[in-house]
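*Asks:* Let me begin by handing over the structure; questions about it come next.
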Amino acid sequence: MNPYVLATLLSSLGLGTTLTFASSHWLLAWMGLEINTLAIVPLMAQHHHPRAVEATTKYFLTQATAAAVILFASTTNAWTTGEWNMTNMSNPTATAMILAALALKIGLAPMHFWMPEVLQGLDLLTGLILSTWQKLAPLALIIQTAQAFDPLLLSALGLTSTLVGGWGGLNQTQLRKILAYSSIAHMGWMIIILQYAPQLTLLALLMYVLMTSAAFLTLKFSSATKINTLATIWSKSPMLTTTAALVLLSLGGLPPLTGFMPKWFILQELAKQGLPLTATVMALAALISLYFYLRLCYTMTLTISPNITTSTTPWRTQATQSSLPLAMSTVMALGLLPITPAIMMLVI
């Protein structure tokens, strides 16, 4: 892709998200979401592969539907209240529609069906943008309007997403689909705590972005998209295999890695709010997710690829991509648990 076109598209992505962050008016927020969608569509279709075009079409249709519902719901709310302000959401129908549309935008269950299919059709770097940056603007809107939403509905969305995210990833062999289900599960963790401690939602989002970036960049560095390709990585770069396994365990939320911190805080807050049953179900759902992360770690570190493997053994070529972003995101995805006391001072 032409570097000038790429720079324009990336700056439009930044502009769309920033516009949504800064707005308290529904029309401006909708405009930011639309700029965001239109900026990523050419990035998704840049390889002209049939799967990429299919994924782009599916993504565009779901995002356009969600944007239309947001516009319709905010117009309905403005009709009732006489203003477009986000803080004044007094129409229950409009509020429920906006939550459904934003849930569709970030891929919360049961509106998650597009997410694994779309991510599977993209290359790893565009998949990384879709899994991290594209979640920011809709989540900002959800956080801003959280007080207007029905608490029971938010809890139901959170629980469903963590269960579906764990359950859906169990029988997958494609790494991008596994990371898509991982994303759905993490979104569930963010939504479940939103009504009680929005600062924990932001903490969970930050940790999710760090860990997912490390996972995607590791796969990009080793050119792996299927589980059986993982079995051939250890001979080429044993150190990368070790850190990749640890990053996956961090995504699963195992101590003493970074991913344990948000889960620990969220379960603690749910218990404080008198919701031990919800906390127990969330912890059990995290165990389901942990199973498929462990499956990947087992494939990577404890199996030797058979002689008649269907994946080609990678050549020991010089890597062309910069390893600095990978190194930084990996270090942060693995080693931030010791600063938990400082983060507790900020968020609790």
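For all residues, glycine too, the Cβ spot is worked out from N, Cα and C.
Remember, predicted model here, so these are calculated numbers, not experimental data.
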*Asks:* For the annotation transmembrane segment in TrEMBL, which listed range does it cover: 32-51, 152-171, 252-271?
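*Replies:* In TrEMBL, residues 152-171 carry the label transmembrane segment.
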*Asks:* Determine which recorded stretch among 57-74, 94-115, 152-171, 178-196, 326-347 has the most C-beta pairs below 8 angstroms with the transmembrane segment (202-221).
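*Replies:* When the Cβ pairs under 8 Å are tallied, 326-347 comes out ahead.
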*Asks:* If we skip the immediate neighbours and take only residues 6+ beyond the ends of the transmembrane segment (57-74), which ones have a Cβ under 8 Å from one of its Cβ atoms?
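*Replies:* Counting only partners 6 or more residues beyond its ends, the transmembrane segment (57-74) has Cβ contacts under 8 Å with 26-27, 29-30, 33-34, 37, 40-41, 44, 84, 93-95, 97-98, 100-102, 104-105, 114, 117-118, 121, 130.
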*Asks:* State the residues, same chain only, that lie 6 or more residues beyond the ends of the transmembrane segment (326-347) and have a CB under 8 A from a CB inside it; answer 'none' if no residue qualifies.
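*Replies:* Distal contacts: 197, 199-200, 202-203, 207, 210-211, 213-215, 217-218, 221, 243, 246-247, 250-251, 255-261, 264-265.
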*Asks:* Over the domain 'NADH dehydrogenase subunit 2 C-terminal' (290-344), what is the model's mean pLDDT?
*Replies:* 81
